[in-house]
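Here's the structure we're looking at; comments come further down.
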Amino acid sequence: MDSSAKTASAPDPFFAGTLAEADPEIAAAITGELGRQRHEIELIASENIVSRAVLEAQGSVMTNKYAEGYPGARYYGGCEWVDVAETLAIERAKKLFGARFANVQPNSGSQMNQAVFLALLQPGDTFMGLDLAAGGHLTHGAPVNMSGKWFKVAHYTVRRDDHLIDMDEVARRAEEVKPKLIIAGGSAYSRPWDFKRFREIADSVGAYLMVDMAHFAGLVAGGVHASPVPHAHVTTTTTHKSLRGPRGGLILCNDEALAKKFNSAIFPGLQGGPLMHVIAAKAVALGEALRPDFKIYAKNVVENARALAESLRGHGFDIVSGGTDNHLMLVDLRPKGLKGNVSEKALVRAGLTCNKNGIPFDPEKPFVTSGLRLGTPATTTRGFGVSEFKQVGGLIAEVLTAIAQAEDGKAPLVEAAVKEKVKALTDRFPIYQ
């Protein structure tokens, strides 16, 4: 046999080689991250653990395909199979949330919100959103964000006494500034949103109502949180967080004329070719959320959050607004004499992953903070229940109480002991075996 025949029959390492063979450094980083996820308790409210099916779809050959446009109207040939995937994602999103129209192409939560601005606002227009310091989001008008640079922003906030949104104040503010858009939703607000009242306020001043349900979309899908879709002109959400899918965005609405504006804003307004492998993974996750067991998951997320909040309160910690009705909570560390940055680092050393977070009217800078944000979606996914989250509350209290008594904010013996307890817990609930 000649050499050319041998070459033709030999596997091409470009297609057959493993990641470990092709790039051992990245392979090692991925292996390390898998180990971290397996052996730490994930309490970051915006994170979750996707199914192996979602991982498989996102790592599929659909990453190779360019598909500018929308199903049935592409600027490239060969899109018949990615059209199938995107159509499935669209139809599943519509069914899951009871919306007439859905755009599954946004690459991120920031881009989905930017698309709404592009479709509905002109530079210099006024909109309202919850202040970041009160639990809002960067894309809702923070001065450092595009939304705060290109538009006039009139923030509303929470009351000092109970840290709840004062809807009468929202109405007064709207009447004062006459916004073109009002945003409901945030990244660190643990209580219900009055979508009906927000829509009434928006209608009273001729504004659009946008609800960013990125954090609680999975709870809406699971039927344990009120849906904004019947009330909002447009609803946006990420597909990760409590929805438990790949990282990306989603736009929902019930008005055909607005849907066309949002489609044009995404493509060609903001994006070119969509990430078809991610859209395929979105379809998988949306399909999972349509199954009966997802309702059980969503119910457990909320029950676990309440159990964690009550456990922490039982150990003498203050919870902003007194508790939670969704998947997250803010811990006010000031009564313990602690800062968020120091507390986050100590908990991470103990295997309890969380993030420092500002609390309403926080006197500290954003990289210091007086609080911690804790969430239950990821650890609920791996099987933790109420009893485990009560234990987690005790472990958090153990670490924070120890560092509060230490001059340097470190308690290595306690942190190491808690880390062993964390490992024992996570070993009972393995992932990706």
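Just so you know, glycine gets a Cβ as well, placed from its N, Cα and C.
Per Swiss-Prot, (6S)-5,6,7,8-tetrahydrofolate binding site is recorded for LEU132, GLY136, HIS137, LEU138, and the stated evidence type is sequence analysis. The feature site 'Plays an important role in substrate specificity' is assigned by Swiss-Prot to HIS240. Taken from Swiss-Prot, the feature N6-(pyridoxal phosphate)lysine covers LYS241, and the record attributes it to sequence analysis.
Annotated features taken from Swiss-Prot, shown on the structure.
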residue	record	Cβ contacts under 8 Å, 6 or more apart
LEU132	(6S)-5,6,7,8-tetrahydrofolate binding site	LEU138, HIS140, GLY141, ALA142, GLY358
GLY136	(6S)-5,6,7,8-tetrahydrofolate binding site	GLY129, LEU130, ALA142, HIS155, GLY186, SER187, TYR189
HIS137	(6S)-5,6,7,8-tetrahydrofolate binding site	GLY129, LEU130, GLY185, GLY186, SER187, ASP212, ALA214
HIS240	site 'Plays an important role in substrate specificity'	SER46, GLU47, ASN48, VAL50, PRO246, ARG247, GLY248
LYS241	N6-(pyridoxal phosphate)lysine	ALA45, SER46, GLU47, ASN48, ALA214, HIS215, ALA217, GLY218, PRO377
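Note: the (6S)-5,6,7,8-tetrahydrofolate site is recorded as LEU132, GLY136, HIS137, LEU138; in the same chain, GLY129, LEU130, ASP131, THR139, HIS140, GLY141, ALA142, ASN145, GLY186, SER187 also have Cβ atoms within 8 Å of that site's Cβ centroid. LEU138 ((6S)-5,6,7,8-tetrahydrofolate binding site) counts 17 other C-beta atoms within 10 Å of its own C-beta, drawing on all protein chains shown.
Secondary structure at LEU132 ((6S)-5,6,7,8-tetrahydrofolate binding site), taken from DSSP and collapsed to helix, strand or coil, is helix.
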